[in-house]
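Swiss-Prot lists 13-33, 82-102, 115-135, 161-181, 198-218, 258-278, 286-306, 321-341 with the feature transmembrane segment, giving sequence analysis as the kind of evidence.
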């Protein structure tokens, strides 16, 4: 009995506790990321934004959560009830499950698997099914058109994201996310004789891929200017037209969880993860999770600024950018990076 407890039960309880702690912290972080998104957009438009619930509106997201939870869900008469209610659940569960392999500091990860980046690609590619299910089950033309747009958009830009990640993997030689971060302790800067700093991170040596990944992440998460699946001026609200109350909240939660995941992936792949910007003793005292969160928040700030300033693309422009610009550029960069690594032996 003691061996069973020590071998199976106790590790399982620890894993469950870690998962619950990560889930709570992630949901709170998403709540404030959502508030920051609204505040930034309001500031650009010279408005004050949410400022009533709590000091400076800090509890606005929790008030919205309570409002959504107490509302009655309305299911359209012609909808497939089971699939209609299952779709937002699928969306949010898949979006949250990818966080099991994301390291937020050295050793701070639930499952430090050797194929972590492959796991994230596999799970994130399934998230489109929640949108397709919601659009089809609504039995309405606008949700269905939004779901079709989302499927085409996510498939188009997943190819570019995959090729960008391949260029990073060529430089690192590992699919493990922790190894990808630690490999950025030395890079282009140190090879040129400079002290270890942010110049060693992949954003500089793979700058074109950094830009492609950032823009593709916007398209993958349906963020403006690529919010074609829920374009208000064209499709009213896209695949979420018929949703309200808790199901709508779950779709929104899944969307922002995917956005925060892409911000974290950008941090891990190109911005050194939890590494300090300069390797000096005073910055090394700062916990790695603080650096990770600051970098992820910076990437999200860029997401929010793009939302505020860049007008929405037309659908044909979106497809042209993905297939005629990003795909050839990503393929060319894979070949160029492989050639340079073979020639210089820097891998």
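Using N, Cα and C of the backbone, Cβ positions are placed for all residues, glycine too.
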Is the count of Cβ pairs under 8 Å between the transmembrane segment (115-135) and the transmembrane segment (258-278), pairs 6 or more apart in sequence, 3 or more?
yes
What parts of the chain pack near the transmembrane segment (198-218), using Cβ distances under 8 Å and only residues at least 6 beyond its ends?
157, 160-161, 164-165, 167-168, 171, 184-190, 224-226, 262-263, 265-266, 269-272, 275, 277-278, 299, 302-303, 306, 321-322, 326, 329-330, 333, 337
Determine which recorded stretch among 82-102, 258-278, 321-341 has the most C-beta pairs below 8 angstroms with the transmembrane segment (286-306).
258-278
Long-range environment of the transmembrane segment (258-278) - Cβ separation under 8 angstroms, sequence gap at least 6
26, 29-30, 33, 95, 98-99, 102-106, 120, 124, 127, 164-165, 168, 177, 180-181, 184-185, 195-198, 200-203, 206, 209-210, 213-214, 217, 220-221, 223, 284, 286, 288-289, 291-292, 295-297, 299-300, 303
